[in-house]
Every structure is written in structure tokens, then in C-alpha cells.
Amino acid sequence: SKMDGQVIHCKAAVAWEAKKPLSLEEIEVAPPKAHEVRMKVLATAVCHTDAYTLSGVDPEGSFPVVLGHEGAGIVESVGEGVTKFKPGDSVIPLYIPQCGECKFCLNPKTNLCQKIRVTQGKGMMPDGTSRLTCRGKSLYHFMGASTFSEYAVVADISLCRVAPEAPPDRVCLLGCGVSTGYGAPLNTAKVEPGSTCAIFGLGAVGLAAIMGCRVAGASRIIAIDRNPDKFEKARIFGATDCVVPDASDKPISQVLGEMTDGGLDYTFECVGNVGIMRAALESCHKGWGVSVILGVAGGGQEISTRPFQLVTGRTWKGAAFGGWKSVESVPKLVDDYMAGKIMVDEFVSHSLPFDSINEAFDLMHAGKSIRTVLQL
């Protein structure tokens, strides 16, 4: 393209410091180096993880930074040695890459590729430098993506090619929240038909976990949230029962135990609250219940329960990105969406122009949105 090998000047939302609104700026995006791809971002969504880092409690948070990791767009140019992508390809950036050769990628039990983990955690490209600058200052990258910008540079292992007819303002959600929730029952818990399941927290991840339980054939899916306004949506995704946790004096584990003859086969924590993680484990059935942690708790927080809970046959697990090996799985999830097998549109509660990005954060903090998609 005419921009090939050139610095691109474009609009981005910059987080100059923690706890402050994002600032719309013109930034410079350098061309991709070896094994990097520069993409034009067409749509991006706002996730709680972006807010978590902006809030200042993320131990890996660095500023100034371009946040955003749920995005979709097209390849603008590729660096040297890139063979799997060409300009014009429809792509989704992946915050968990899949290099295909590290010991994690070679192990079928995990999706946690470690090839670029260290530099990604420091907000850098794999060579330890940044491609983003603003007003003479270098900006950090975020989660290997930085989609709150008209252009982004990502490692070629942190990207997948998807069907060109897939709408970017929908499939961007498969880059994080929807895939995270949907995969946990299928890949991590391996929910069997007829199982009973409970989902704690009815944000995008919780709703997607409900959908995963339904697809797995669960007979009962109990949705739990303090905000009963979330229940209507939960039923659309497949919840059979909805419970407000503090509606009774009894602990929620007792309420659920009475509803299910002793507890759930599977529970999913989609909040990121260590107290709820404990309740989710203790709501599992003795002898075989499994609880999966999906929520991200604040840095330094610890989970606790009595060892007897595990000695008597409960299992505590966790998952990142729903256990999906990213490069091979996300294109299939996009195909499933295009074929009507999984719901994605129903997660989009708001669509806003990119300039209204701070409003998207406000909607999320107020509990008024599931996902707000920003059109670039």
C-alpha cells in the first residue's frame, strides 16, 4: 500500500496515567518489523480488563499506554518473514498467541503460549521496543494488541485470519469475552449432557459461559448476579433459573445446595472476586463438583477455602481465554457465528463512535452495558 514502510499518523485513545479518562490523540504508528503485522482496526470493544489496568491495580499496568484488546480489522502491511498474512486479510488480534512451537503450544492440555509472554507483559513488541509514539513520547502496547487506535502493530503469532465476510463490529468480541466464557464449559470443565451448572456474574463472560453450558447439553443452568436487570439476558442465552445472592439470609452455597439436591456439577466464577470464588467452589456437589475461575482478581489477592472441600471431592480449576488455542480456534468460532451456531450479536448492548470511548467505560462501570462496540 502507499503507506507500506511509512510511519502512519492516526487517531488513538491514550491512557496517559491511571485513573484518568482516555485522551484522544494523534499518534505515530511505526511500520512492522520482522514477524510483525500492522493492521487497520475497524472495530474494538471495551472489556473489564481494560478498565482493570486503567484503574491502577494491575501489577503489569504501564503508562502511557494504548489499551484495547478486543478488536477486528484488516492487514495494512506485513514485516519481513511474515508468510501467513497479506495486506487486505480480515484479522482478529489475539492476546494469547499461538506460536505452535513452544512447550505450551506443543502440549494439548494448555492454550497458554509463552513465546512472547515476557515482552508482552512489559507492554513491548517481542524485540523489546514499542511501535507507538505520541508527542515525542513512546507509548506502551497492551496485551499484545492495543486496539484503541486506528492502526495497531502486533506479532504475527498474535493474529488470526478470519472469514472476510465476518462483520468486524461483531466478531471483535470473539477476541476476548465471548470466547473466554464460551470455552470454559466446553474445554476446561468439559460439561457433560444433563449436568447442573451455575454461573456467578452475568457480564459478557458469564453470559457466554451460560451459552457454553447450554451447547454442552446442561439440564439446569443457574444464573447468579446481584443485579436482577441481568436476568432477562441470561435467559436468552440459556439460563433456566436466576438467583440474587443476597436475597436470603442463607449463604448462596446453601441456597444452591437446596435447589440442586446437594450442589452443582459445575460452577463458573465470572466476577473476579475472591469471596465469590470461594462460594462458587463450596456450591459444588460433594464427590465430583468442579469450579472454574474465569474472573481476574486484583493483584495480590488470595483465594481460600477449607482443605476438606477438596478432600471430599471438589475440584478447583481456572482458565484463560476459555482454554482455546487461539490461532487455530478463533477462525472456527467466527465460522460458527456466521453459521448461526453461536450468539454474538446479543452481547452488543451499545454501539458508539470511537470518539465516545470514555462513555463506553462509563456505561460499563454503571452496569448498563454488556459490551459496547466502538466503530473506527
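Placement of Cβ uses the backbone N, Cα and C atoms for every residue, glycine included.
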Which of H69, H141 belongs with C47, C176 in the Zn(2+) 1 site listed by Swiss-Prot: H69
Fewest Cβ neighbours within 10 Å, where candidates are the binding-site residues C47, C102, C176: C102
Shell list (Zn(2+) 2; ref centroid = CB of C99, C102, C105, C113; cutoff 8 A): P97, Q98, G100, E101, K103, F104, L106, Q114, K115, I157
Beyond the site residues C47, H69, C176: chain residues whose C-beta lies within 8 Å of the centroid, for Zn(2+) 1: A45, T49, D50, G68, E70, Y95, M143, A145, G175, G177
Sparsest-packed of the listed recorded positions (H69, R117) - C-beta count within 10 angstroms: R117
Candidate with sparsest Cβ neighbourhood (10 Å radius) among C99, C105, C113, the listed binding-site residues: C99
Pairwise Cα distance for C99 (Zn(2+) 2 binding site)/C47 (Zn(2+) 1 binding site) [Å, integer]: 25
